Amino acid sequence: MSSGANATTIDVPETRAEAKGKAPLIAAPIVATTKATPHPNAGWKKGLAIFDFLLRLAAIAATLAAATTMGTTDETLPFFTQFFQFQASFDDLPAFMFFVVATAIASGYLALSLPFSLVSIFRPHAQGIRLLLIISDTVMLALTTAGAASATAIVYLAHNGDSSANWIAICQQFTDFCQSVSGAVVASFIAVVIFMLLVMMSALALRKH
C-alpha cells in the first residue's frame, strides 16, 4: 500500500483463482490410433493359393504315374520263331520316349514349384511369385500337351492301325502293352487339365481388383 498527497492506492494481490483464470489453456494431446485392416481380397486369394498347392500335388501324382507307367511298359509274346521274337517296348517308338521325357520334366518342375506355391499361401499378394508360376506353368502345359498328343497318335494306331499305310493294329496281340500305354496317356491328359487350371488360377490371382 502506498500513500500520496492527493490519492491513496492499495495494491491487492491476485487470488489463486484469478491467476488460474489468466493461465494459458493447453489443449490435451490427441493421440491418433491406427488399426491395420485386412485387405478385402486376402481371403479368396489365400484360398486360391491353398487350392493351387493341392492341385500341384495332384499333378505330381499324374505326371509321375504317366512317366513311370510308360517308362516300364514292355511285353514279349510267349511264342517266337527261329528268327523273330515278338516284343513291344516303349523305347521302340520315339514318340513314347519323348512322352516319358516330357512328363518326367513336368513332374520334376511341379516338385520344385511346391515351395513357391507354399509361400503364396502366407503371402497371397506377392505378385512376383505368381508371375513366375504362371509363366513356368504355361511352358510346362505346352510341353506336357505335346508329349500327350504325340503318344496319343501312336496309341490310336496301335488300337486301330492304318489300312492305307498297311499298318496293322497290334493291340489284339500286345494287350498288356496297349493297356499300359493307354493308361499313361490318360494320366498325362489329367495333368494337362490340372496345368490349365493352375494357369487360370494364377491369372485370376494377379488381378488387382
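Cβ atoms here come from the backbone N, Cα and C positions, even for glycine.
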>> Do the topological domain labels in Swiss-Prot for SER89 and CYS171 match, putting them on the same side of the membrane?
In response: yes
>> Under 8 Å between C-beta atoms and at least six residues away from its ends: which parts of the chain pack against the transmembrane segment (47-67)?
In response: 99-100, 103-104, 106-107, 110-111, 113-114, 117-118, 120-121, 124, 133, 144, 184-185, 187-188, 190-191, 194-195, 197-198, 201-202, 204-205
